[in-house]
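Written below as structure tokens is the structure these notes are about.
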Amino acid sequence: MQAEPISHTTEQPTPLTSGRRGYLFGWYSCTWTTALMIALPVLSIFYLALFPEENIWAHLASTVLPVYVTTTLQLMFGVGALSIAIGVCGAWLVTMCRFPGRRIFEWALLLPFAVPAYVIAYVYTDLLEYSGSLQILLRELFGWHTARDYWFPDIRTLGGAILMLAMVLYPYVYLLTRASFLEQSTTIHDASRTLGCTPFQSFYRVSLPIARPAIAVGLSLVSMETLNDFGTVDYFAVKSMSAGIYDTWLNMNNLGGAAQIASLMMIFVVILISVERLARAKQRQFHSSDRFKALTGYQLSGWKAWGATLLCALPVIAGFIIPVWVLAGYALNNLSQLWTRDFITHASHSFLLSAAAALLTIVIALLLAYSKRLHKKKSLKLAAQFSSLGYAMPGAVLAIGVIIPLAAFDNAVDHLMEEYFNISTGLLLSGTAFAVVFAYVVRFLAVSVGSVESSLNKITESMDMASRSLGLSPLQTLIKVHLPLIKGGILTASLVVFVDCMKELPATLILRPFNYDTLATYVYQFASDEMLEACSLAALLIVLVGIIPVIILSKTISGTRKSI
């Protein structure tokens with residue numbers, strides 16, 4: 001009797017049982033509900049802009065709006081051009097050339113990223129104004145007595161604002177451009193040398209054209225951060241759109257007009273996002289291979305070597321060392337007066353709000369990213385993109401978008417309670433710390449989503465199938481399998497979000513509760529009154545905390561390729 005062959009095939013589980021279908025529907029529903037809540041501020045801005053209580057668009061368009069738009073465009077152009085000049089030159093020098101101090105400058109050129117623009121503006125105004133230490137020294141050296149005896153450039157101008165912003169925003173261009181240089185093939189550089197190209201010709205004709213998509217991405221990020229800035233333009237009295245929103249809302253008491261200016265800013269943002277995504281698509285086309293040899297750099301000598309050292313040192317000195325030196329000097333000289341209960345309270349507010357926002361963004365990012373992994377539907381990809389719009393929104397614009405739905409909710413609850421119980425509930429959400437945390441979550445959720453998605457994509461889906469075959473639900477799989485594997489990405493994202501929230505000024509300034517300060521608003525209030533020494537410790541703490549993402553970025557980029 002012949003034995004029948006034994007089949008080694010196993011019965012495949014049904015892809016969607018009723019229980020699993022319910023689980024997936026729950027994830028799907030929660031994802032879209034969360035995405036719509038996060039996107040609510042964007043929708044609110046456009047709604048109020050279209051249906052304001054008092055339409056002053058014609059008045060704005062005929063008076064201040066052209067000034068706001070022109071000034072903003074000049075600001076973006078100036079900051080972008082200067083950031084490209086500093087970032088691209090620095091990236092090429094430390095990547096493709098050998099000169100004294102090169103390895104230090106690889107990470108040191110990122111340090112100005114830790115300094116908020118408004119802090120560096122306060123420091124240089126304190127140094128360079130008429131009563132500042134530099135002009136006092138010049139008057140003592142040359143015997144000048146009044147401002148009529150000499151000419152000195154005024155830093156509190158549009159040009160000064162461009163310089164201040166460029167000194168702390170160029171690392172966006174530097175980071176992305178250096179990453180592009182590191183990913184370029186050595187073959188084309190060897191060919192350019194064979195054809196007799198000098199280092200400058202190789203840079204201009206070979207490296208720069210290939211890196212243009214990365215430069216465009218960096219430029220779009222610099223432009224968005226320039227749009228977002230409020231502290232610098234407000235302190236320098238530059239009439240940008242961000243300052244115009246603040247002025248229209250709080251000084252003219254017209255939220256609808258502020259929403260209309262905010263809608264116009266969103267058009268700028270949409271254009272910048274489109275440029276960034278187009279540049280990223282082209283950037284992927286330029287990367288032909290993932291297998292590289294070590295880069296062969298140019299050995300600089302003599303005045304060229306020391307010139308490269310000087311070019312790399314100037315941005316670091318101006319953008320980081322001088323501000324930190326000034327703030328540290330003020331803080332150490334007045335430490336007993338500055339370390340007060342108020343300072344500790346403001347610091348605790350900043351840490352608690354930032355920690356709460358970081359935790360919430362991680363939880364929401366896990367929901368969005370894991371839902372995409374479970375469903376594989378384009379609609380969920382759209383939901384994740386939709387919920388990440390806040391990252392491109394300037395803080396002043398975001399504040400308007402947050403206050404509209406929260407105020408509507410508060411008014412509705414108050415009306416119902418008065419009608420049925422004769423009780424006034426007042427402000428439940430708007431004007432509270434919840435509004436600030438909600439704004440932080442909307443603003444920085446994209447950072448967490450990107451990091452969590454990147455970490456999850458590195459985990460093979462066979463692990464999901466194995467956990468489900470053992471009877472684990474999707475939630476149990478996430479907690480017991482995926483979280484231990486992606487904890488590094490989660491920690492990185494939470495730290496970056498935490499630091500960004502610590503530095504955020506415009507949204508915090510507008511949405512904070514009455515008599516409730518964070519380190520950022522504390523610095524803004526004192527520095528605006530020409531009292532930098534009184535807030536130097538708070539400003540220094542913000543800068544020191546800001547070094548954390550710089551360290552993370554430096555380690556990330558240094559591991560992409562073997563250095564020359």
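Yeah, the Cβs are placed from backbone N, Cα and C, and that goes for glycine too.
TrEMBL lists 25-51, 71-95, 107-125, 158-181, 202-222, 257-275, 308-331, 351-370, 382-408, 420-442, 531-553 with the feature transmembrane segment. Feature annotation from TrEMBL assigns domain 'ABC transmembrane type-1' to 69-277, 347-553.
In summary, the transmembrane segment (158-181) lies against the transmembrane segment (308-331): three or more C-beta pairs, each 6 or more positions apart in sequence, are under 8 Å.
Contact between the transmembrane segment (25-51) and the transmembrane segment (531-553) is not supported, since fewer than 3 Cβ pairs fall under 8 Å when only residues 6 or more apart in sequence are counted. Tertiary proximity for the transmembrane segment (257-275) is limited to same-chain residues at least six positions away from its ends with a CB under 8 Å from its CB atoms, namely 42, 45-46, 48-49, 52, 54, 56-57, 60, 65, 68-69, 72, 216, 219-220, 223-224, 227, 241-242, 244-246, 248-249, 392-394, 396-397, 400-401, 404.
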